[in-house]
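Now, the feature entries from TrEMBL:
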DOMAIN    95-236  domain 'Photolyase/cryptochrome alpha/beta'
BINDING   349-353, 390-397, 488-490  FAD binding site
SITE      TRP421  site 'Electron transfer via tryptophanyl radical'
SITE      TRP475  site 'Electron transfer via tryptophanyl radical'
SITE      TRP498  site 'Electron transfer via tryptophanyl radical'
Amino acid sequence: MVVVVVVASLALFALLAFGPFSIFYSNPLVTCRQAEQVPQLHFLASRRHRFPATKKGEESCLGDRPLEKDSNAITRGGNYFQSMSMASSSFSGSGNALMWFRKGLRIHDNPALECASRGVTGGGFLYPVFVIDPHYMEPDPRASSPGSSRAGLNRIRFLLESLKDLDLSLRKLGSRLLVMKGEPGEVLINCLKQWKVEKLCFEYDTDPYYQQLDMRVKDYASAARIEVFSPVSHTLFNPADIIQKNGGRPPVSYQSFLKLAGEPSWASSPLMTIFPSLPSVGDVGSSQIVEVPTLEELGYVDIEMELPPFRGGESEGLKRLREAISNEKWVATFEKPKGDPSAFLRPATTTLSPYLKFGCVSSRYFYQCIQDVYTRNKKHTSPPVSLLGQLLWRDFFYTVAFGTPNFDQMRGNKICKQIPWNDNDELLTAWREAKTGYPWIDAIMTQLHKWGWMHHLARHCVACFLTRGDLFVHWEKGRDVFERLLIDSDWAINSGNWMWLSCSSFFYQYNRIYSPISFGKKYDPNGNYIRHFLPILKDMPKEYIYEPWTAPLSVQTKAKCIIGKDYPKPMVSHDSASKDCKQKLAAAYELNKKLNGVVSEEDLKVLQRKLDATCDSVLNPVHSHSSSGAKRQRRS
Ligand SMILES: Cc1cc2nc3c(=O)[nH]c(=O)nc-3n(C[C@H](O)[C@H](O)[C@H](O)COP(=O)(O)OP(=O)(O)OC[C@H]3O[C@@H](n4cnc5c(N)ncnc54)[C@H](O)[C@@H]3O)c2cc1C
């Protein structure tokens with residue numbers, strides 16, 4: 001009898017302590033969970049270690065966090081809207097809520113904001129917060145161009161403009177953006193404490209930086225019994241769902257991704273929330289709140305830079321989206337890679353990537369707008385080349401990146417070929433600083449510096465040139481340059497595309513190399529793009545604009561551009577450099593095949609020594625003309 005009573009008491013205690021009606025951790029979101037969602041919760045909890053593997057002996061799917069505390073997981077179970085209504089109806093409604101903006105800098109289709117605002121009733125307050133991380137924003141005098149160590153000035157400006165726009169929109173709704181400076185985790189935890197926050201809402205983020213930061217904040221929230229709501233709304237799909245559908249592994253081909261993904265669950269649900277107003281902001285106590293700073297206030301003074309044609313913010317992003325979508329014929333017939341990479345006055349694509357990167361425009365709303373056009377225009381292009389297909393490429397890279405340990409590096413990355421790239425800083429610097437001597441390449445790199453955006457095929461050309469096409473420099477180095485300078489710089493998409501272009505993953509036809517001369521000429525024979533971005537060449541006659549080193553001295557003099565003095569000679573001969581690169585890749589592929597992908601650093605060093613002995617064009621910049629150049633010079 002005594003045993004029965006003791007067992008019953010223990011069972012009751014366990015139910016109260018850890019069950020759905022836990023007295024220790026009251027999370028009504030969790031109590032509403034459907035039974036079939038539980039495996040996903042296990043899956044999610046493992047993010048503390050990179051990614052769950054399904055094979056025996058590898059990392060467990062079960063993380064070390066108590067599942068009940070990850071209310072983030074509520075949105076993972078397919079139907080997001082179902083989760084939302086459960087979430088909002090379950091809030092007790094008397095406490096303060098904090099909406100933590102990071103990306104997702106918008107009001108429309110913002111489920112985290114919606115949840116935060118609905119959760120506040122009965123005298124509670126809503127604190128919309130953005131934390132400026134000085135490492136990301138403040139000037140680094142040692143950086144190779146204006147900006148911080150992590151971001152070029154164009155992206156910093158875009159972010160400030162986006163914050164300003166968000167603040168204005170919030171003010172129109174009776175709220176405002178509370179901008180603070182400092183280490184984001186620390187600042188946020190302080191706010192949670194000071195403002196007696198009961199609900200913390202923020203958009204879920206798969207980038208490793210946020211995974212780590214969020215884990216820390218969620219740990220604190222969980223200990224302080226603060227409800228956390230962190231929905232997936234940066235991407236069309238939840239990468240974890242796709243990976244789970246694929247047995248725990250990310251799909252590594254676009255087609256298999258499409259098959260797994262299918263139609264998003266929200267595809268025909270209304271996404272635009274209309275907020276008549278937002279709950280007011282409460283007393284901020286001793287917290288140091290600032291207005292959205294200007295560039296000057298961040299320390300960027302005396303910098304003369306041309307303004308790129310991208311103003312940050314949701315208002316501008318939605319305007320651009322409307323403009324793009326209103327041309328229904330263009331949307332329905334959109335086909336990549338058709339389209340002119342040299343078109344800069346009126347780019348051939350939507351130029352929405354910076355707005356998607358910061359979440360000023362919701363990719364889900366963009367998706368629905370395209371679908372609407374397709375409904376009215378039954379004859380339209382399809383993935384991978386269609387406009388919808390482009391958004392799906394975005395989700396594809398997010399999914400692979402989320403499920404691949406060490407995705408952003410060659411070593412330890414299972415989907416990446418091991419290739420003995422060189423670490424030649426001289427070559428890298430010349431490429432980065434637009435001094436390769438190939439006007440097409442240098443014009444694209446100048447556009448990167450000036451605008452922080454280039455057409456997709458232009459990115460192809462410079463990435464191929466740096467890596468497998470000509471210079472054989474490590475793709476990670478080029479990726480880092482893009483990461484800092486692009487306004488749309490995106491952790492998953494950038495590394496994914498660099499692996500693609502360097503034939504390290506996804507695409508393996510290393511014999512297909514972009515010519516730094518003829519590719520651009522095909523689109524822009526007069527070289528208008530080069531003339532715009534490299535004004536030193538603006539008077540070079542059309543027949544020499546792509547190969548100015550072949551122009552006779554009299555022509556160079558007349559064009560006021562002496563090659564080797566005013567503009568560099570080509571740093572390598574494309575013909576021989578590309579031949580060497582193909583040879584090196586063939587050897588590296590052979591090695592990867594022989595060793596079944598398990599290539600050690602020593603194996604690569606041995607191969608590198610062998611290749612360096614036979615292929616030397618890359619490491620010895622030529623001062624002679626390329627064969628086509630030499631031919632042209634003989635003619636002139
Ligand atoms: C080496 C290299 C690095 C790149 N780095 C980035 C990056 O850091 N951030 C980034 O957003 N894009 C990157 N891209 C992909 C692509 O070039 C840009 O997304 C595109 O050029 C942006 O212009 P848009 O908005 O006019 O594109 P659109 O053609 O109008 O496409 C609409 C949206 O689809 C998505 N998209 C288009 N192409 C791709 C693609 N290949 N992969 C993934 N998503 C795509 C983007 O979000 C884009 O805004 C990179 C491409 C290369 C070759």
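Heads up, the Cβ atoms here are built off N, Cα and C, so glycines get one too.
TrEMBL entries are annotated by machine, without manual review.
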Recorded positions whose CB lies under 6 angstroms from ligand 1, from ASP395, TRP421, TRP475: none
Cα-to-Cα gap, THR349 (FAD binding site) vs TRP475 (site 'Electron transfer via tryptophanyl radical'), nearest whole Å: 25
Nearest recorded site to PHE397 (FAD binding site) by CA-CA distance, among recorded sites TRP421, TRP475, TRP498: TRP498
Cα-nearest neighbour of LEU391 (FAD binding site) within the listed recorded sites, TRP421, TRP475, TRP498: TRP498
For THR349 (FAD binding site), the number of other Cβ atoms found within 10 Å of its own Cβ: 19
Helix-strand-coil residue split for the domain 'Photolyase/cryptochrome alpha/beta' (95-236), DSSP-based: 60 helix, 27 strand, 55 coil
SER489 (FAD binding site) - helix vs strand vs coil (DSSP): coil
Recorded positions (TRP393, TRP421), the one with most neighbouring Cβ atoms at 10 Å: TRP421
Pairwise Cα distance for SER489 (FAD binding site)/TRP498 (site 'Electron transfer via tryptophanyl radical') [Å, integer]: 12
Residue with minimal Cβ packing [other Cβ atoms within 10 Å] among the binding-site residues THR351, SER353, SER489: THR351
Cα proximity to TRP393 (FAD binding site), best match among recorded sites TRP421, TRP475, TRP498: TRP498
From THR351, SER353, ASP395, TRP498, the recorded positions whose CA lies within 10 Å of that of TRP421 (site 'Electron transfer via tryptophanyl radical'): none
Local Cβ density at LEU391 (FAD binding site) - other Cβ atoms counted within 10 Å: 20
Neighbourhood of ASP395 (FAD binding site), C-beta criterion under 8 angstroms, separation at least six: THR235, LEU236, PHE237, PRO239, PHE257, ALA261, SER363
Between SER353 (FAD binding site) and TRP475 (site 'Electron transfer via tryptophanyl radical'), the C-alpha gap once rounded to whole angstrom: 22
